[in-house]
């Protein structure tokens, strides 16, 4: 937790229901001078309630600051969960966060998986950390009221007011559009998460029934539905060691309207017409001639 109103509210609510059944971690990213005092504040709040608290210090590499900080934070949390023998972590994402995420991704042209937003329960890509988000049905203002009723002064992160960040601009736009309902937008994200889960189920079913794997190749019937086809192509390429971007997979699929082969992430993909239908054949890209 950060000491902000969202995570403080989550701590207070968890303490009221699950006292002595959880621990707290707070992360110092070393990016702001105030970070140490904010971590100390979290420690104090926990100490007053006899809650175990650990301060995790991380180093954030250069690059996309927010993305790198998030990656470093979750890596540290994964080690902490393992060391402490904990089942999962809870984060304080709420309905307003979900609405902001959906609107940002709509603006970027995201597909179903992206528009599903943050999930109520999911795991990190490596599967080492289970993440639970119990507050997605709450508004930001409701959580602030919980903190206020407890007589606590939450930490305010100055980056939440910095309109260089897309999320801050979206938040400001939502505040100015009082006819938009973040809870309804968040519910739409949940519907999209359900659709995403259904697509994954179909991909798994189709793969188990139709994928033909040899040592160096994978053969799949051409699925008629584009979104399912893209996911199957992604899976096949990953099975052969590639790490494709979604945009590259989509571009390759588009090319099959006028050509028969292409390569993505070191994997050659060929569309073949046979007596019993059309098939996609995946194989490692041949070495380039020097």
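Backbone N, Cα and C define each Cβ position, glycine as well.
Summarising the annotation, TrEMBL assigns ATP binding site to 2, 3, 4, 5, 6, 7. Long-range Cβ neighbours of residue 6 (ATP binding site) (same chain, at least 6 residues apart, Cβ-Cβ under 8 Å): 92, 93, 94, 97, 135, 140, 143. Classification of residue 6 (ATP binding site) by DSSP places it within a helix.
Residues or ranges marked as domain 'tRNA(Ile)-lysidine/2-thiocytidine synthase N-terminal' by TrEMBL: 1-172.
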Please list residues from the chain of residue 2 (ATP binding site) whose Cβ is under 8 angstroms from its Cβ, counting only those at least six apart in sequence.
26, 27, 38, 42, 155, 157
What number of additional C-beta atoms lies within 10 angstroms of the C-beta atom of residue 7 (ATP binding site)?
22
